[in-house]
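According to TrEMBL, the protein has these features:
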- A:THR153, A:LYS179, A:THR190, A:GLU276, A:ASN402, A:SER407: substrate binding site (BINDING)
- A:THR190: active site, nucleophile (ACT_SITE)
Protein chains: 2
Amino acid sequence: MKVIEGGVTAAAGFLSASTAAEIKYKNRQDMAMIYSETPCKAAGTFTTNIVKAAPVKWDQNVVKNSPFAQAVVINAGIANACTGAEGYGYCKDTADVAAEVLKIPADAVLVASTGVIGMQLPMDRITAGVKAMAPKLDGSTESGTGAAQAIMTTDTKKKEVAVQVELGGKTVTIGGMCKGSGMIHPNMCTMLAFVTTDAAISKELLQEALSEDIQDTYNMISVDGDTSTNDTVLLLANGMSGNPEITEKNEDYETFKKALNYVNETLAKKMAGDGEGCTALFEVTIVGAESKEQAKILAKSVITSSLTKAAIFGHDANWGRILCAMGYSGAIFDPEKVDLFFQSAAGKMQIIENGVAVDYSEEQATKILSEPEVTAIADVKMGDATASAWGCDLTFDYVKINADYRS
Amino acid sequence: MKVIEGGVTAAAGFLSASTAAEIKYKNRQDMAMIYSETPCKAAGTFTTNIVKAAPVKWDQNVVKNSPFAQAVVINAGIANACTGAEGYGYCKDTADVAAEVLKIPADAVLVASTGVIGMQLPMDRITAGVKAMAPKLDGSTESGTGAAQAIMTTDTKKKEVAVQVELGGKTVTIGGMCKGSGMIHPNMCTMLAFVTTDAAISKELLQEALSEDIQDTYNMISVDGDTSTNDTVLLLANGMSGNPEITEKNEDYETFKKALNYVNETLAKKMAGDGEGCTALFEVTIVGAESKEQAKILAKSVITSSLTKAAIFGHDANWGRILCAMGYSGAIFDPEKVDLFFQSAAGKMQIIENGVAVDYSEEQATKILSEPEVTAIADVKMGDATASAWGCDLTFDYVKINADYRS
């Protein structure tokens, strides 16, 4: 597997565009479009929140019932959630106008929105945006990057990744972009992530590969414990690499899945590391768990603990909060057997052994915890299972951003 | 039922004392003692965190196995959690010295600790503290207030309450104090709360009344979603009011339970309203739920949502976050039927009707949300059940306090 430059336009036949439609932001791009030159098999996973945004409902229907998908229209600034029948109508209107200018069926158009809940989309500006983007569709790396920037809300960095693998003698590319910074606690899926590939693969296996992989990637991150109304991952495969179509779980399928996992995990970590207001990516790895499920419960409990996150912000080796968060996770373990380590680019050190602090240097621990990516590793000594989760620190800026997000 | 002045010393025969033992803090009281002139029936509820502090284990044993309890020794500053066999030994040592100076059995002494996890107690100072407090035991209101102040950590206000009811022609008093400000997300029980009563009641009914009541009081508050290692509620009844002993679920039992509920709910709300760094008590009431259980799940999900809490800090009527938090709670409801209101001393106003915003004044909403106690009321129109939960806003000071708690 080779990591390459680019994002959603890296795979053959995928074009993108972006524009400043003034949905909510001024003086920046806030709409993006992805288009495939040929029809795609589409897979998707969506929020499990009972309160589902209109575009989530629209896309669930397209992924399930449309013969193919060929375009995605995305806006930042307004989530189109809690907008009733009027909001759902605007998804259809958006698809209609995109279908018209792109000369594809309306039910091949996916839509996605992110931003404030409860406001209606300004449809005149959405329509103008779609019409402005269609003639600008372009398969360059720069175009993909422009799209990744246009979908940002409180994100501070654009998030994209692409990889290549060989399948049946052909070079297959998978590329993706995502946004996500607040209201990030995916359950079954995540925020907005768009992954494109030129692999030929059956729709069933495409969906299965995605549904499985999100459990270890997007579902293992959290910024603030709030599961959004808009979480969406879309995976489009147009088959243009020319590889023999994957229709069974053979070696090609495993290779594809591994590459997909790299793309999803990379995008997920980029989201956690750019959580609202955060200064550090905080990774928690549980080793020696009885089962993978137990390891995941423990890891996720620690990365969602407000007290632990505040301690990471303070570069404070407050291991008691980590053990406490493991303790209330619901997983079963013996606290008096736990070993805990901190690790970063500045080194690795043991903090507790069998549940009690070893004689470690607070100064050295603070040095390790002052890096932009820090990891806590807990060994619960019960078995061989392992899992990682990714979050971020809790900072003044998280509060600042969210005390005044709407205005 | 009459609300009276005082706290743990309000009921007949209960004395308290406090002292500056320099456990961690300088220049303030940081140890407290409660003592009953006669043996008490003891009930207790404790953290469900797998990582249980040593005093929790000690007290569970006393409540379960000792014939009676007669004193409680409390320290602030060090939690005595994750301290292994050495830490548990210090509970026994504390009980031993208290037993010696108070001339009661060691297994009648309850202990409680709160503060930083992972440090060992300085036993010389604990011992000196116990010896200093015993001669100062006093049943005055001021003495009870001193104890309520001594058990504070990041709390900014002492928390106590007392009520009186008539049982079998006798005036029965229930009084209590508590502390709690961070790591507050009780599960099955709570932080440190100490309730004393001169009621005569069987040990079985005392425990049953307490176990039931915490489900609607302490278990319905949250400051930061972190369930502590030290959560403890102790309820001591010495029977000195002379009421006919309550041994069955008669009218006296119901009167006692109602008074106990007032004491526990008041203490719980005081904790939520004094959450670390907070500027407002945030109450969420769900009405029209299918069952009480569903109403509780919904209410608690909203008060634990970081995004909602930050919006309350910003006096921002960001109702989308409230609906979102209800949506991921796990409870079943139809988002398109929900009505939502905000209420405070500044008035009450409807924000959404049937899941969509009504034409409300943002200015008026901000005014309502700028009070020190604000309530959100959501009607899900499915039945008659109702429940309330209490939390607080998420502020810069929460982050500040917890980024640097240990130092």
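Note: Cβ is positioned from N, Cα and C throughout, glycine not excepted.
Here the features listed in TrEMBL are painted onto the structure.
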residue: A:THR153; record: substrate binding site; DSSP (3 states): coil
residue: A:LYS179; record: substrate binding site; DSSP (3 states): strand
residue: A:GLU276; record: substrate binding site; DSSP (3 states): coil
residue: A:ASN402; record: substrate binding site; DSSP (3 states): helix
Protein Cβ atoms within 10 Å of A:THR153 (substrate binding site), excluding its own: 23
Cβ neighbours of A:ASN402 (substrate binding site) where a neighbour is any other Cβ within 10 Å: 28
Members of the binding-site residues set A:THR153, A:LYS179, A:GLU276, A:ASN402 whose C-beta sits under 8 angstroms from chain B: A:ASN402
List of residues, in chain order, with Cβ under 8 A from that of A:LYS179 (substrate binding site) and at least 6 apart: A:ALA76, A:THR114, A:ALA148, A:ILE151, A:MET152, A:THR153, A:ASP155, A:LYS159, A:MET191, A:LEU192, A:MET271
